[in-house]
């Protein structure tokens, strides 16, 4: 099937759907100049000036034992303060506005879906925009972490370490986020999966809960679920979704 035919098929599916859920990964934000993890230009493949590989530095153990190094890496490689939503984010917000898109389940931590206007967003891996004191629980915004005078941001109330509300390796996902995501996916008539290679578990396993009619995959590279999908589009997610609205 030609790309144009696939896009027309996608338009038809969206038009006939009343309960769509979008499940997205890092590829959704690469068009906002936020690197993904596993592609050739991704965080895990590109050179950096740190002594440890990124997947080690993004672990709970590393955060606990090398807190200063963690924050140096986190500020430099995980925060993209000036990133703006792209065509994919805005298109999804529009489909939600039309009443068709019921939820976005995202593996991203950048908050760009909300910035584009999406309301019902489940952030599996947390958000850079939420930070909290590990001792007293006080909440802080991203600006507080960025502008901290010390490498390790400290609570202005009790002096405890302010930790980003992002899920590190070795940490579990939030139960309520998982439950809401499972509920949304299991009740959807159409599931659009975009910008993810579906290799990160337990997040990727959520697709198993889909019982609806149409599974659509939009990703530049192949995924393990391609054979199970009703429609596979190997192209830019922003370009594809923009044609639907």
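Glycine too: its Cβ is placed from the backbone N, Cα and C atoms.
The domain 'Deacetylase sirtuin-type' feature in Swiss-Prot is assigned to 1-245; the stated evidence is sequence analysis.
There are 24 other CB atoms within 10 A of the CB of residue 110 (NAD(+) binding site), with all protein chains counted. According to Swiss-Prot, the feature NAD(+) binding site maps to 26, 30, 37, 38, 107, 109, 110, 125, 196, 197, 219, 237.
Annotation source Swiss-Prot lists nicotinamide binding site at 37, 109, 110, citing sequence analysis. DSSP assigns residue 109 (nicotinamide binding site) to coil in the three-state reduction, outside any helix or strand.
For residue 125 (active site, proton acceptor), the number of other Cβ atoms no farther than 10 Å from its own Cβ, over all displayed protein chains, is 19. Annotation source Swiss-Prot lists active site, proton acceptor at 125.
Residues annotated as Zn(2+) binding site in Swiss-Prot: 133, 136, 155, 158. The DSSP secondary structure for residue 158 (Zn(2+) binding site) is coil. Taking a C-beta cut-off of under 8 angstroms and a sequence separation of 6 or more, residue 158 (Zn(2+) binding site) has the following same-chain neighbours: 133, 135, 136, 138.
Residues 134, 135, 137, 138, 156, 157, 159, 160, 162 surround the recorded Zn(2+) site, their Cβ atoms falling within 8 Å of the Cβ centroid of 133, 136, 155, 158, which are themselves excluded. Counting in whole angstrom, residue 155 (Zn(2+) binding site) lies 23 from residue 125 (active site, proton acceptor) by their C-alpha atoms.
Rounded to a whole number, the distance between the Cα atoms of residue 219 (NAD(+) binding site) and residue 125 (active site, proton acceptor) is 20 Å. Of all the Cβ atoms in the protein chains shown, 19 others lie within 10 Å of the Cβ of residue 155 (Zn(2+) binding site).
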